[in-house]
Each structure stands twice: as structure tokens, then as C-alpha cells.
Amino acid sequence: MAPLKMKMLGFMVIMLSISAIAKGDENESSSKPPTLVKMVKGKKMCVKDWECNVLSRFCCNLTISDFFETYQFENLFSKRNSPVAHAVGFWDYKSFIIASALFQPLGFGTTGGKQMQMKEIAAFLGHVGSKTSCGYGVATGGPLAWGLCYNKEMSPSQDYCDDYFKLTYPCSPGVQYYGRGALPIYWNYNYGKIGEALKVDLLNHPEYIEQNATLAFQAAIWQWMNPVKKGQPSAHDAFVGNWKPTKNDTLSKRVPGFGTTMNILYGDNVCNQGDIDSMNNIISHYLYYLDLMGIGREEAGPHELLTCAEQKPFNPSSSPAASSS
């Protein structure tokens with residue numbers, strides 16, 4: 001069997017194994033093994049069943065499935081399997097939780113107390129919902145109920161092959177690098193970079209993203225957890241408060257909070273353009289999800305933390321490293 005097929009087979013076996021464990025836990029949460037606690041250099045570190053199974057300080061906290069359950073996922077994405085949606089049967093709660101298990105030991109949804117953990121999941125999924133929505137003003141259930149309607153760009157306008165990266169991430173003949181996934185990936189260099197990180201050959205097979213919901217969520221969470229460039233914050237760090245702005249950041253009106261996550265992920269496609277619809281749509285999804293998850297939009301903080309209307313982009317769109325969306 002070819003090495004590529006073996007690698008994908010191995011990936012699928014791992015996912016199916018974790019899926020089987022997850023399925024067993026869905027109705028038997030009390031059967032979860034107790035948390036393993038160790039002291040490492042005076043710091044408390046934990047391992048907690050399959051969902052947070054790497055020794056980490058974050059695994060001492062609640063795991064995502066402890067506070068975000070299947071019914072909440074269904075509430076947030078209630079119209080995704082409607083007949084008019086474009087990815088019926090693709091996205092589900094289990095795929096999200098399995099994907100998150102790769103990142104929970106690194107702090108995804110496991111940083112801070114329960115409220116911060118819930119807010120981060122609402123923030124991340126707010127981006128996902130906005131970027132995959134087919135909702136509109138008079139849509140059944142309202143325009144914010146249609147997240148995860150897509151898993152790929154329906155009518156690509158180009159192949160998204162950038163020959164600037166032909167030495168590092170050369171385009172595969174006949175392959176199109178149009179938007180796919182929960183936080184849609186565009187361009188050969190982004191597929192290449194994310195594929196390297198996840199150890200999946202997305203440069204030659206970007207279609208894997210639209211074929212496997214767990215992989216699609218993993219790619220999206222990877223984007224959330226990693227900066228575009230070294231020395232810059234990730235969306236995760238900007239949201240949970242790990243990032244400390246420099247003087248230049250402050251002068252550029254970049255502050256920790258939800259607004260800066262949009263700056264990191266989309267740059268001046270969304271930010272530094274005033275009060276535009278594309279920015280407000282992402283914010284609206286986040287606030288709506290806070291309400292549905294029982295946190296309440298009043299916990300989102302003041303408007304200046306939610307918006308990036310006047311933030312200068314970390315990576316202006318003229319830069320090759322600028323956001324792909």
C-alpha cells in the first residue's frame with residue numbers, strides 16, 4: 001500500500017478508536033476514570049481520560065464535554081441539516097469533541113475557570129458559525145441559526161495557487177485550494193502549513209478536509225491555537241488573556257479580547273474598516289452563542305473588546321502571510 005494511503009488509514013484508525021471511546025462515554029459519564037494527578041517541579045499536572053490524555057496543567061480543569069454537551073451543539077447549529085443546507089449529515093458534536101481532544105491539553109477550552117472555558121468555545125464556534133453560515137435576514141430560525149451549513153466553497157472563483165510558495169508548498173497539478181472546513185482554508189501555502197502540523201498531506205489532498213469532519217475541526221482549532229507569524233499572538237492567547245500587548249499594539253488599538261481574534265484570523269479583510277457587516281456578523285454569532293450556552297451576552301465585555309473596527313491589522317493584506325480568509 002502506498003505511504004500516503006497508509007498514513008491516512010492510520011489517521012482514520014486513531015479517529016475511529018477515539019470515536020468508539022467517546023461513544024461509550026456519551027451515556028456513561030460517571031464511568032470516566034478518575035483524574036491522574038502528578039506534581040511536576042512544584043506544579044500540579046493532570047491526565048483526564050481520552051479527552052485530555054496528555055500530562056498537562058490544563059487537564060486539571062473541566063474538559064469541554066463536561067460543560068458543552070450534544071444538546072448545546074444542536075442548539076447552536078440547529079439548521080445545519082435542513083434540506084436546503086449544503087453539508088447535510090457532515091458536521092456533528094462527536095467530530096468536534098474528538099478534534100478538540102488534540103488541543104485540550106494545550107489549553108483549548110481548558111484555560112481558566114468554567115466561565116472562561118465556555119466563553120472560549122462560544123468565541124471559537126462564533127467564528128465557525130459565521131464563516132459557514134447560509135443564513136439571511138428572513139431565514140427560518142433567524143440568520144444566526146444556520147452555522148455549519150457549508151463544508152466547502154460552492155463556486156470557487158479561482159484555484160488559489162500562489163507560485164510565490166512553489167519551493168515550500170508547490171501546488172499539486174490539477175488540485176484546487178479553494179475554501180474548505182470549519183474555518184475555511186484557502187491557498188496552497190495554508191493547506192501545506194496546516195497539513196504539516198496535523199501530519200496529513202493536505203497539500204496534495206485538500207479534499208480530505210471536506211471528507212472528514214474531525215479533520216476539518218482539527219484544522220480550524222489549529223488555526224485558533226497558532227499565530228500567523230512568530231512573535232504574534234494566537235487567537236486563543238488573545239482571547240483568554242495570555243497575550244500582553246506591546247506599546248505598538250496599544251497604539252494600533254489592539255487589545256486582548258474577541259475583537260483581536262478577528263484581526264488575527266482575517267486581518268484587514270474584516271478589521272480597520274469601521275463598522276462593517278462582515279465584522280458585525282461574526283460578533284453577532286458569538287453573542288448569540290453566549291446566550292444559547294447560558295452564559296449571556298452581557299458577559300462578553302464592553303464593545304471596545306468585541307470590535308476590531310479601528311484596529312490596525314497585524315498582517316496587512318499586501319503581505320504573503322496575511323490571513324487566508
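Cβ atoms here come from the backbone N, Cα and C positions, even for glycine.
Straight from TrEMBL, the features:
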DISULFID  CYS161-CYS171  disulfide bond
DISULFID  CYS271-CYS308  disulfide bond
DOMAIN    72-298  domain 'Glycoside hydrolase family 19 catalytic'
SIGNAL    1-24  signal peptide
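If you take every residue in the domain 'Glycoside hydrolase family 19 catalytic' (72-298) and average the pLDDT, you get 97. It is CYS161, among the disulfide-bonded residues CYS161, CYS171, CYS271, CYS308, whose Cβ has the fewest other Cβ atoms within 10 Å in the structure shown. Cα of CYS171 (disulfide bond) to Cα of CYS271 (disulfide bond): a distance of 30 Å. Straight-line distance linking the Cα atoms of CYS308 (disulfide bond) and CYS161 (disulfide bond), rounded to a whole number, equals 29 Å.
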